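Trainee: If you look up TrEMBL, you'll see A:E203 marked as substrate binding site. The domain 'GCVT N-terminal' annotation in TrEMBL covers A:16-270. The domain 'Aminomethyltransferase C-terminal' annotation in TrEMBL covers A:293-372.
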Amino acid sequence: MSSSAPRPLRHTALDAVHRALGATMTDFAGWDMPLRYGSERDEHLAVRTRAGLFDLSHMGEITVTGPQAAALLNHALVGNIASVGVGRARYTMICREDGGILDDLIVYRLAEAEYMVVANASNAQVVLDALTERAAGFDAEVRDDRDNYALIAVQGPESPGILASLTDADLDGLKYYAGLPGTVAGVPALIARTGYTGEDGFELFVAPADAEKLWQALTDAGADAGLVPCGLSCRDTLRLEAGMPLYGHELTTGLTPFDAGLGRVVKFDKEGDFVGREALLAAAERAASQPPRVLVGLVAEGRRVPRAGYPVVAGGEVIGEVTSGAPSPTLGKPIAMAYVDAVHAAPGTPGVGVDIRGRHEPYEVVALPFYKRQK
Amino acid sequence: MSNPQQLRYSKEHEWLSPAEDGVATVGITEFAANALGDVVYADLPEVGTTVAAGETCGELESTKSVSDLYSPVSGEVTEVNEDVVNDPSLVNSAPFEGGWLFKVRVTEEPADLLSADEYAAETAG
């Protein structure tokens, strides 16, 4: 955050619920969000084995409508958004002209000429501004819908059963990365089969006024299945185990999607020009011929935890930097994602360590993700 | 949460037991354990080393952060809690009991350690 004057924290529609549950709160991108309710490790394991309930209302919803909504998004984003079917979603990115990543996004196509773009809380204004600017000349409208949605996620293997008990929507027919309008516990909701945990699960976009009712209904419906409220702390360890990037850590304006190992989201063959195309072509070539640093997984041999910014070392030289690190509840050891020089990036590369406050601790280079659910 | 009356407390959130035969036990408070979240790694001072009141003598790592451990008194470390080294979650589940960190033969005790009530006032709100 670069703002000079501290601004008052924003509160979600579920703020009173979090306080009643005794949550430890944290400032996340200007929002007062639950960090954890009890043990973050227990919350993490609940999502892996049963189900967890998250308030993600800090995420930034932007609606794009109009005859040229698809054309605008194809121009403004790096993916082929026009090819997304109605009722489906796509993971994509928005880049600068120089190819630097402004944010990673999920775009839901709600109707032929209506999309919902979901941005990270920390970047929502940047994305809104960029989309608005890039909309010039297109017959499309960009609308700030951040205050019109609360977002509740239910994630984990028990989540389909819990949700099914509260809705008539066809959840079996709802594939991963699909979304449909429906009713959950009597509340109108956009039901999306998306998430950031590496588990099956759903994200429910609802009116803020309905958020408490939906949260309570999910809490009650999930009680027997072992659903627990979960904070952002376990969300971070869940996504880390699943090898999912987090903006500000693995993704920054200083990196292109190709640098982040996510060049596949860039679609050069789509119709029309798009912002960043030329720079991204060069970045693609560079990544193929002489890759700069490569994003890898690191697993600790010891118990000391690597943190973002710690140097990765080999033979006494700095060969990279940790972008995210945490104790992994699933693996039972510390893990990290790090950018390392390509020559050290192969899984099993010997002699790699992390400089943990002056001590070089041995780490094993592994392929991402650390964890993949059994389907 | 309640802070045991017989202990004394530092502003860095360590507690100190009354000395028995000159040896006192050190741990972190429940307030500190809650603030840290799940403790996953405890780097404790080695037996035989000298610790100084108010100075760092180890580290506690939790999911989100690493925190320095300060000694509330000066003296020589006589024992470390191997149970905590093996299972750092004891710091969260029993900060005033099974989650104690180390024992120290006290040579000097600062005058400004707090009583349970003073510490509770310090951490209120």
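Just so it is clear, glycine is given a Cβ too, placed from its N, Cα and C backbone atoms.
Note that TrEMBL annotation is computational and uncurated.
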Trainee: Cβ distance under 8 Å to the residue listed as 'substrate binding site', same chain, sequence separation 6 or more: which residues?
Mentor: A:L56, A:L151, A:I152, A:A153, A:A192, A:T194, A:G195
Trainee: For a three-state summary based on DSSP, what are the helix, strand and coil counts in the domain 'Aminomethyltransferase C-terminal' (A:293-372)?
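Mentor: Across the domain 'Aminomethyltransferase C-terminal' (A:293-372), the residues distribute as 3 helix, 46 strand, 31 coil.
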Trainee: Calculate the per-residue pLDDT averaged over the domain 'Aminomethyltransferase C-terminal' (A:293-372) and state the result as an integer.
Mentor: 96
